[in-house]
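Colleague: As annotated in TrEMBL:
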- 12-35: transmembrane segment (TRANSMEM)
- 63-90: transmembrane segment (TRANSMEM)
- 111-130: transmembrane segment (TRANSMEM)
- 142-162: transmembrane segment (TRANSMEM)
- 224-246: transmembrane segment (TRANSMEM)
- 266-284: transmembrane segment (TRANSMEM)
- 296-315: transmembrane segment (TRANSMEM)
Amino acid sequence: MTKELNPKTKEYSFFGPIGTGAITILTPVITYLLYYACPNSYDDGTCKLLQKPALGRLAGSDFWYSLFTLEAFAVYLAWYAFTVFAWAIIPAQWVRGTQLRDGSYKYYKMNALATLLMATGLAAGQILRAGPEGFTYFADNWIPLLTASLVMSIAQSVFCYVSSFTQGKLLALGGNTGNCVHDFFIGRELNPSIGSFDIKTFNELRPGLILWWILDISLACRQLATFGQLTDSMILVVAFHGWYVFDALYNESIILTQMDIVHDGFGYMLAFGDLTWVPFTYSLQARFLAYHPNILGPSGSAAIAALQLLGYYIFRTSNAEKNEFRNGKNPKNLQYMQTKRGTKLLTSGWWGTLRHPNYLGDLIMALAWSLPTGSLTPLTYFYPAYFTVLLIHRALRDDAHCREKYGDDWNAYVEKVPYCIFPYVF
Ligand SMILES: NC(=O)C1=CN([C@@H]2O[C@H](COP(=O)(O)OP(=O)(O)OC[C@H]3O[C@@H](n4cnc5c(N)ncnc54)[C@H](OP(=O)(O)O)[C@@H]3O)[C@@H](O)[C@H]2O)C=CC1
Ligand SMILES: CC(C)=CCC[C@@H](C)[C@H]1CC=C2C3=C(CC[C@@]21C)[C@@]1(C)CC[C@H](O)C(C)(C)[C@@H]1CC3
């Protein structure tokens with residue numbers, strides 16, 4: 001008997017319709033609140049959660065008009081169109097993704113790094129031509145640009161949800177419960193595409209991730225234009241963020257075996273996550289420093305740089321180890337266990353130490369990105385705090401997926417490797 005192509009999803013994720021509904025409403029609110037709790041200019045030098053002047057303005061009618069401007073919406077659309085244009089015209093290798101349930105394969109155009117370099121070149125040209133004051137638009141129009149990205153993420157979520165009901169679509173195993181709130185959030189269709197243009201991988205690596213870097217550069221220009229100098233803390237934060245984005249796009253093909261691409265549908269979670277959450281919350285440390293320069297000094301800078309290096313080393317070597325192994329290479333002769341599923345599981349090296357060593361490296365880097373902001377406000381530690389929750393939840397989701405994929409072999413692996421992210425803790 002042939003297996004059904006799109007079986008109904010039996011279990012909810014993210015605490016079902018109530019959890020996914022709440023996250024859908026709360027995440028945009030948090031993104032705006034992180035701005036108003038840490039506004040772009042005030043003289044007492046700290047971000048105060050629920051500080052009066054900022055929140056007092058929320059009630060005024062001019063507040064609602066300040067959320068959206070046609071100009072910023074046009075700039076955002078131009079930005080998005082630029083990333084699509086770059087995808088279309090920059091020559092690139094096409095890489096095959098993992099085999100899909102229907103036995104077919106998708107092919108992906110690998111030119112995200114070239115897009116990053118093109119965008120960086122254009123930004124550098126503008127700064128060289130007009131000085132740092134000539135590239136503060138993104139920093140100075142934060143809220144209307146945030147709103148434009150939110151409109152784009154909602155529009156794409158609705159488009160993909162509605163088009164997922166077209167005959168013959170391959171649905172995500174986790175996004176076909178029949179509950180519209182849950183499935184809209186998780187995403188019904190696994191790989192929504194327009195011809196050879198894959199919407200999910202495009203959004204995950206280009207318009208949001210590269211905009212994060214562009215926002216950081218604009219914020220550094222804002223600091224330079226306002227205070228006449230770039231602080232060591234701003235240089236570290238922008239360099240670390242840029243390094244992370246460059247690394248993601250340099251290793252573009254690795255994304256094709258990750259959970260979001262292989263398992264999750266493209267719904268509001270990834271649309272909003274890619275287009276709004278990443279650029280407008282991941283750049284919070286740089287936005288704080290643009291208006292509150294914090295001087296670290298040589299020893300402080302060196303200590304934070306060492307922490308970033310440690311985090312990156314764990315992140316990159318563990319991801320590379322698994323990716324190499326999944327591509328049939330085992331240069332370090334690592335031990336592994338054969339499974340009934342057919343794929344092998346590493347049981348030595350990083351993946352014999354922790355079940356998600358890459359998450360530990362990523363979290364260490366997240367802390368290194370916040371430390372340059374000092375102790376003026378807890379708000380700039382939002383990213384490591386949120387990220388810890390996200391990765392713990394992601395690890396639990398991945399464990400559940402792996403238990404489904406590997407059955408008892410996964411239990412045997414967990415016996416060998418009992419800790420997930422933090423040695424002897426979790
Ligand atoms: N900055 C951010 O906001 C975010 C960053 N990330 C980062 O993305 C990266 C990828 O994370 P993620 O997508 O969660 O997936 P992972 O890279 O952690 O991969 C999980 C998959 O790896 C395979 N696997 C697990 N154990 C082993 C083993 N012992 N040997 C071989 N293969 C194994 C399994 O898939 P299979 O066996 O089927 O191949 C499992 O489903 C991480 O570095 C994470 O930190 C993730 C989310 C957000
Ligand atoms: C509740 C909520 C808002 C969830 C959204 C989660 C998303 C922000 C993340 C889910 C997986 C992601 C990945 C990256 C960015 C954040 C999201 C989209 C990533 C592109 C960052 C760069 C890394 O090098 C990466 C390519 C490994 C990574 C892939 C997963």
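In case you wondered, yes, glycine gets a Cβ from its N, Cα and C as well.
What's the neighbourhood like for these features in this structure?
Modeller: Within the chain, the transmembrane segment (12-35) has long-range Cβ neighbours (under 8 A, six or more residues past its boundaries) at 67, 142-143, 146, 150, 174, 177, 179, 181-182, 184-186, 268-269, 272, 276-277, 280-281, 284, 287, 379, 382, 393, 397.
Cβ atoms under 8 Å from those of the transmembrane segment (63-90) belong to residues 32, 57, 109, 111, 114-115, 118-119, 137, 141, 143-145, 147-149, 151-152, 197, 202, 206-207, 210-211, 214 of the same chain, restricted to positions at least 6 beyond its ends.
Taking Cβ pairs closer than 8 Å, the transmembrane segment (142-162) reaches residues 28, 31-32, 35, 40, 66-69, 71-73, 75-77, 80, 180, 183-184, 187-189, 192, 199, 203, 208, 211, 266-268, 271-272, 274-276, 279-280, 287 in its own chain, all 6 or more past its ends.
Away from its own ends, the transmembrane segment (296-315) comes close to residues 231-233, 236, 240, 243, 247, 350, 357-358, 360-369, 371-372, 374 of its chain (Cβ-Cβ under 8 Å, at least six residues beyond either end).
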Colleague: In terms of Cβ proximity under 8 Å, which residues at least six beyond the ends of the transmembrane segment (224-246) contact it?
Modeller: 113, 116, 131-133, 136, 209-210, 212-213, 216-217, 282-283, 285-286, 289-291, 293-297, 300-301, 304-305, 308, 312, 365, 368-369, 372-374
